[in-house]
Amino acid sequence: MAKIKIGINGFGRIGRLVARVALQSDDVELVAVNDPFISTDYMTYMFKYDTVHGQWKHHEVKVKDSKTLLFGEKEVAVFGCRNPEEIPWGSVGAEYVVESTGVFTDQEKAAAHLKGGAKKVVISAPSKDAPMFVVGVNEKEYKSDINIVSNASCTTNCLAPLAKVINDKFGIVEGLMTTVHAITATQKTVDGPSSKDWRGGRAASFNIIPSSTGAAKAVGKVLPVLNGKLTGMSFRVPTVDVSVVDLTVRLEKSATYDEIKAAVKAEAEGSLKGILGYVEEDLVSTDFQGDSRSSIFDAKAGIALNGNFVKLVSWYDNEWGYSTRVVDLIRHMNSTK
């Protein structure tokens, strides 16, 4: 069977990790990377050495020339175009483009990739107007005539599978989410200007920083039955990877905490295996580093006030889990052709 050929625009945190996922997949082939700000030798260095996920150990990575990287024997074209419509995706056969710059996140901007020969674009961020899909929740609603999609956010990917299970089994009347979230690249190493978000400009390594997030509201887009029932906020904390969702909900149908645990466990071992996880051990954030699942329910951490009011806790590697889902979404899109 022919491999799915993908290109990556933007070789930042998600771009590089999507590349790692793709290069470890038998059915996906990375054919090109575009980044106007990074030379090929620096790309090689950034790919090989990763503070969080460790050194790349699968095969040698080296520069063939200024426009080609070698991953083992595999050649990957490198482009340096600032304007997406100028990237010659068609010349290397890249059918699917992962848009991971964080810049071209609406349909119109992302559509520029189609002019260069790409067939489909997956935006690795929430989008104001592109249809959003969360694998394990609503990917089956994807139709093959949709050319531009959003993989939502890492937090929505954690929250939505859990919310779906709880709503399907017990019904959610309303809920509030807090994500305790690791540092990301948009934050500051020392206090610096951040005119749109004053608190967000404070030193990331020294502060717990309250922040806004659209992740809970976005669940209403991928699960319309929950539209208007969830909202939430974020605390940015001084860790480099792995985040945790605290979902506090009022249930329609009364349930014991043990019944809730059993429902989540059944789905984690059944239809959502590989997407939703379930743990009863006494784990902490670093134990989930490199976990490819979207959401790992922490059975011991949750609490119930009564049969209708519960707090549920679910972990996620906000980098690796999310990057794995980007590739899974591409696989699903390809299967509908």
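A Cβ is built for glycine as well, from the same backbone N, Cα and C atoms used for every other residue.
Among Asn308, Asn318, only Asn318 appears in Swiss-Prot as part of the NAD(+) site alongside Arg13, Ile14, Asp35, Arg82. Of the listed candidates (Arg199, Arg202, Arg236), Swiss-Prot assigns Arg236 to the same D-glyceraldehyde 3-phosphate site as Ser153, Cys154, Thr155, Thr184, Thr213, Gly214. Within 10 Å of Asn318 (NAD(+) binding site), as judged by C-alpha distances, the recorded positions found are Ser153, Cys154, Thr155, His181; the full candidate list was Ser153, Cys154, Thr155, His181, Thr213.
In this structure, the binding-site residues under consideration are Arg13, Arg82, Arg236, and the one with the smallest number of other Cβ atoms within 10 Å of its Cβ is Arg82.
Ranked by Cα separation from Asp35 (NAD(+) binding site), the recorded positions Ser153, His181, Thr184, Thr213, Arg236 are led by Thr184. The recorded positions shown are Cys154, Thr155, His181, Thr184, Gly214; of these, the one with its CA atom nearest the CA of Arg82 (NAD(+) binding site) is Thr184. Nearest in space to Arg236 (D-glyceraldehyde 3-phosphate binding site), taking C-alpha to C-alpha distance over the recorded positions Arg13, Ile14, His181, is His181. Under the DSSP three-state reduction, Cys154 (D-glyceraldehyde 3-phosphate binding site) is assigned to helix.
Using Cα positions, the member of the recorded positions Arg13, Ile14, His181 nearest to Gly214 (D-glyceraldehyde 3-phosphate binding site) is identified as His181.
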